[in-house]
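**Q** Encoded as structure tokens, here's the structure I'll be asking about.
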Amino acid sequence: MHNPQHYMTGFGNEFATEAVAGSLPVGQNSPQRVAHGLYAEQLSGTAFTAPRGENRRSWLYRIRPAAVHGRFSLIEQSRLHNDFGGGPVPPDQMRWSPLPLPATPTDFVDGLYTMAGNGSPEAMTGVAVHLYAANASMHGRFFYNADGELLLVPQLGRLRVCTELGVLELEPQQVGVIPRGVRFRVELLDSAARGYVCENFGGLLRLPDLGPIGANGLANPRDFETPRAAFEQRDGAFELVAKFQGDLWRADIDHSPLDVVAWHGNYAPYRYDLRRFNTIGSISFDHPDPSIFTVLTSPSDTHGTANMDFAIFPPRWLVAQHTFRPPWFHRNVASEFMGLVHGVYDAKAEGFAPGGASLHNCMSGHGPDAATFDKASQADLTRPDVIAETMAFMFETRAVLRPTQQALSAAHRQADYQQCWSGLRAAFQHPPAKNTTSVLR
């Protein structure tokens, strides 16, 4: 693709970029004749009438319009879908070892594997959670998702995501967001790649409100990076793959759709380095709620309740006094899907490996394992706990995450996960009877 890789900084900004000078019209969006023989095309990510502060759209100036391709036909496959219904959902806590890497050549699209989800794209609420494992770049094919925006969380291997609006290079401990409808190709920069994907059907991801934290903190807007315009002009026999209403569809296309020479607007891919997250924590006592670790949030129609929150558990110092410092035992009205990008998660001493995943659905008890509890209960609190070399994350949703059948029956599901709490014994010592006010019998 033409143009060396550079980025523009800021979250949700109104950007303007061109790979060929003079391609952007001045003072209007759709001139009678666009410079250099390009076509003008608007890409809308929200309704035309959405409030200005929430309105997302970009104008693209491209070699051919997006409408130029063949007729779509259904791809028969069962790994990637929106089928979260039919059948009971067990309330068990669940954990999976890393998704095995493929033994045969597999690109990003073929390597997607649906784990769980809720809601639907037609209802414009909910999410789908996928894993990916690939060992080949996408050759001669391009992909777009009409169902939702994609939050990519690499765990193994670097990715070069070539999109209509420019190139995102991602490595583990960075995340990327591909807006709904944007066409792209994923190239592997290493021999294999694995990671996590949250497909957001609901309100577009945004930065959380900071409240009393103030004007700064958590993920700062200036650290988000959006690519500058880059394009390729290639003719040939290519394949365009679309995810639409939970199914994959393919169409022939005789040129690369990554042919946007210039664009302006605020609906575009972006990336963020999780190592730049400004972590907030207690410097007195107790462990604050994990909402303090929110990087991005998708709002719902209920004020104060997210459709989905993306939170991380990065390196940090724990200094709270008179306090059990690891994450506490918890039952949550929300549902939590966790993954581990790097290192060890401080609430699980064993069994939760990078590339692995866990699901704690609504009101399923969870928390530190027995080894972590015993260690933290006896820790010397005069010294800080330096949590280093780690990066865990969570997709938290207001609706139950319904695991797919392939996730429930997967060979890499850990059937003995509940045993991590089996060592938590009753240590209660009954005080003298005179100090007891009420006992159930």
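In case you wondered, yes, glycine gets a Cβ from its N, Cα and C as well.
According to Swiss-Prot, the protein carries these features:
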type     : residues         : note
ACT_SITE : H287             : active site, proton acceptor
BINDING  : H330, E336, H366 : Fe cation binding site
BINDING  : Y345, H366       : homogentisate binding site
**Q** Residues near the Fe cation site, H330, E336, H366 excluded, by Cβ within 8 Å of the Cβ center?
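**A** The answer, listed by sequence position, is R331, N332, H360, S364, G365, G367.
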**Q** Roughly how many Å lie between the Cα atoms of H287 (active site, proton acceptor) and H330 (Fe cation binding site), rounded to a whole value?
**A** 12
**Q** Rounded to a whole angstrom, what is the C-alpha distance between H330 (Fe cation binding site) and Y345 (homogentisate binding site)?
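**A** Distance (Cα to Cα, whole Å): 16 Å.
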**Q** Return the residues near Y345 (homogentisate binding site) by Cβ distance under 8 Å, restricted to its own chain and a separation of at least 6 in sequence.
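**A** Within the chain, Y345 (homogentisate binding site) has Cβ neighbours under 8 Å at F313, M338, F352, T390, A392.
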